[in-house]
Amino acid sequence: MKDFSEKIEKQLYFKGFRLPDIRSILRIQIQICGIAIVAALCTVWFSVWPITFAIGAVIATYSFFSVAKFIQQIILREYDRSMLWGMLFRFYGRLLIVGVVVAALIVKAHVPMMALVSGLATSMVTMLIWMISRQNERKTKEA
Amino acid sequence: MRKFLMIALNTVALISIAAVAFAAEGANTYGDLVYFGAALGMAIAAAGCGIGQGLGLKAACEGTARNPEASNKITVALILGLAFVESLSIYALVVNLMLLTA
């Protein structure tokens, strides 16, 4: 499990996530998303709820991944005009994709709302987990 | 501990408020007002989130300009803040779409 976490963090580093805190938050989010997908695939024959939850988790992960990448690119990289246009295009493209997918799921597919909202809330859960673990680390260091 | 409690309570409140929207399911007796309400709700959510994100970004830029050494910590806080605000706008979108399809 530790190796797997390290592998995810390595991949994130190569993707341009230079800040360790952000990498660890994203790692937790990706792990939660992966667990949700596996659980959904295992229970897809019984209910629509898990697959909707997994889709919500994937949307939350994608959204958080894009925001984190966008902000890091803004702050840490040198500007040039083409990069700026590319970043803006990707940012608004991502917003459009998330909006269209959520609208299609709710309006066309009539998925269970509570499952979708719970899946989207996984990013909040991730941040809570990260904050708690960080506080625990601090306490351990102080002790 | 107090901060953690506040965050946990806010999360619970957000999730429990979603249940109120379910109560409106099948009660579409207001005709076109529902569309108006959904559009207005999305507009308010977008405006609120935009103002929040703008304020956060402004404070982060000012902080980084004043103290460049703290830019890493500021960036982490900024990303977390923006992700929180953006998830709120996605919740608003979900609730408004629920209103439209109810």
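Using N, Cα and C of the backbone, Cβ positions are placed for all residues, glycine too.
No curator has checked TrEMBL annotations; they are predicted automatically.
Summarising the annotation, TrEMBL assigns signal peptide to B:1-23.
Annotated transmembrane segment per TrEMBL: B:33-55 (among others), in sequence order.
Sequence annotations record features per position, and here TrEMBL assigns domain 'V-ATPase proteolipid subunit C-like' to B:36-99. Confidence annotation: the domain 'V-ATPase proteolipid subunit C-like' (B:36-99) carries a mean pLDDT of 89 in the model.
Summarising the annotation, TrEMBL assigns transmembrane segment to B:76-99 (among others).
Remark: B:Glu86 (site 'Reversibly protonated during proton transport') has B:Cys49, B:Gln53 as non-local neighbours, by Cβ distance under 8 Å and separation of at least 6 in sequence. TrEMBL lists B:Glu86 with the feature site 'Reversibly protonated during proton transport'.
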